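Below you'll find the structure, written out as structure tokens, and then a few comments.
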Amino acid sequence: MSENIRVSEVSDILRQQLEGIETKVQLDEIGTVLQVSDGVVRIYGLRNAEANELLEFDNGIKAIVMNLEEDNVGAVLLGPTDKIKEGFTVKRTKRIASIRVGESMLGRVIDPLGEPLDGKGLIGGELYEMPLERKAPGVIYRQPVNQPLQTGLKAVDAMIPIGRGQRELIIGDRQTGKTSIAIDTIINQRSNYEAGDPVYCIYVAIGQKGSTVASIVNTLRQYGAMDYTIVVAATAGDPAALQYFAPFAGAAIGEYFRDTGRHALVVYDDLSKQAVSYREVSLILRRPSGREAYPGDIFYLHSRLLERAAKIINQEEVAREMNDLPESLKGKVKGGGSLTALPIIETQAGDVSAYIPTNVISITDGQIFLDTDLFNQGNRPAINVGISVSRVGGNAQIKAMKKVAGTLKIDQAQYRELEAFSKFSGDMDPVTALTIDKGQKNARLLVQPQYSPMPVEKQIAILYCGIHGLLRNVPLDKVEDFEAAFLNTLALDHQADVLDVLKTGVINDEVTKAIEETAAMVAKQYS
């Protein structure tokens with residue numbers, strides 16, 4: 001049985017089907033690899049490539065554009081060089097190098113592109129695109145540093161106080177405890193996290209051994225610090241480009257918390273290795289070299305990175321107008337946030353006048369200088385008080401600490417001077433002997449074991465004893481025992497009327513009387 005096929009029906013069906021067809025044409029701008037060597041590729045054909053743009057090869061390896069020349073583009077590889085060959089095709093992503101940031105990153109170990117390294121699977125949750133390179137907030141979007149960032153270290157919080165939004169350099173030879181100061185500071189933020197006012201921490205490991213990074217992560221996990229910490233790792237085995245971009249990734253993550261009205265702390269460990277990796281990349285890209293073969297813009301590299309640390313103005317309508325704000329954050333900006341930076345620099349044989357150390361000293365708001373001799377003598381943290389300084393943190397120090405420890409720095413500097421002279425003279429007048437005795441006991445009080453940060457109220461109480469000579473009758477070798485017994489007694493008998501009052505930044509006659517009575521009572525056991 002044959003059916004009559006009407007032409008009009010066929011044409012209607014064809015018309016309907018043709019109307020539903022979507023013809024999407026994606027145009028990719030592609031180039032060809034001319035040359036590849038030591039982590040750098042030269043590419044022909046990418047006429048419209050932008051500086052810092054992300055490029056992608058067919059095998060998934062990424063590169064970032066760093067040189068724009070007349071007939072080719074120089075890019076740094078973010079993967080193994082041996083996987084890229086001459087003649088490979090590479091395409092533009094039309095995206096500036098960036099990292100996706102969000103709350104779900106907390107507790108994770110990532111690379112500078114935001115890829116997880118801890119084997120715990122992909123990072124989920126809501127993520128925001130943050131550019132690695134970004135202009136620092138302008139002057140009108142900032143406010144002076146006025147809130148303390150407690151490190152939990154008596155020597156730092158008393159003599160070289162750090163404020164939220166400050167950049168404080170930690171500088172010293174290898175194996176002098178630079179990383180320990182940073183890790184102790186991160187661990188000390190646990191109390192803020194538990195109190196509901198967290199300081200989110202980003203630890204950036206640049207050019208370190210993988211085993212060292214793993215050990216640091218284990219330590220942070222052991223002390224419960226990974227709950228509010230992100231570790232960005234570019235180890236010694238990673239390409240130089242990844243080591244160069246790692247601090248920028250850390251800054252971008254910190255800016256996410258800062259711009260959403262929260263507080264963040266970023267540790268760059270260390271910028272000496274970043275400078276070396278930038279020198280390596282620049283020389284292979286044939287950029288002109290300057291002093292110590294570093295490129296001419298090495299100062300600008302560190303200044304533009306560290307200027308991103310800031311205390312943002314507490315006016316939301318002004319903060320929302322911030323310069324160079326990423327699209328992803330528009331509508332989510334809040335005022336009053338801060339990003340504090342603790343860059344670390346390694347010196348050679350204590351030479352702080354070398355090129356990179358002097359650059360970073362001049363950029364930052366102060367430095368904590370660690371001394372090898374002090375470290376070997378057992379004075380840890382091995383801070384050389386004479387040349388360590390905090391240029392803005394004093395404004396952020398709590399009033400009680402300022403009142404108690406105001407003269408400690410100069411007292412300790414004078415003690416070190418007198419101690420050096422006393423080695424040459426046999427007899428000393430009573431005043432000098434008393435100054436040296438007090439200085440020795442204060443120096444012993446400032447010694448603190450690793451991973452045992454102390455709350456600020458306990459610091460004030462014990463330093464009050466040292467500065468006001470309440471340890472006069474305590475033998476030098478019993479100072480640690482006195483400290484432990486004194487703080488235990490204070491916590492048992494005077495938690496509400498002394499420690500809780502000191503925590504608010506207040507010190508009055510009732511508080512000092514209770515401290516003096518407790519110290520006298522405990523000192524009797526050791527005199």
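Even glycines carry a Cβ here, placed using N, Cα and C.
The following features are taken from Swiss-Prot:
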BINDING   GLY172, ASP173, ARG174, GLN175, THR176, GLY177, LYS178, THR179  ATP binding site
SITE      SER388  site 'Required for activity'
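What Swiss-Prot annotates, mapped onto the structure for a quick look.
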residue	record	DSSP class
GLY172	ATP binding site	strand
GLY177	ATP binding site	coil
SER388	site 'Required for activity'	coil
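Of the chain residues outside the ATP site list GLY172, ASP173, ARG174, GLN175, THR176, GLY177, LYS178, THR179, GLU346, LEU370, THR372, PHE375 have their Cβ within 8 Å of the site's Cβ mean position. Most Cβ neighbours within 10 Å, among the binding-site residues ARG174, LYS178: LYS178 holds that distinction in the structure as shown. Around GLY177 (ATP binding site), a 10 Å sphere centred on its CB holds 19 further CB atoms from the protein chains shown. In this structure, the CA atom of SER388 (site 'Required for activity') is 17 Å away from the CA atom of ARG174 (ATP binding site). Least packed by the Cβ count within 10 Å, out of the recorded positions GLN175, THR176, THR179, SER388, is GLN175. Around ASP173 (ATP binding site), the same-chain residues six or more apart in sequence whose CB sits under 8 Å from its CB are GLU346, THR347, GLN348, ALA349, GLY350, LEU370, THR372, listed in sequence order. The Cβ of GLY172 (ATP binding site) has 28 neighbouring Cβ atoms from other residues within 10 Å, across all protein chains displayed.
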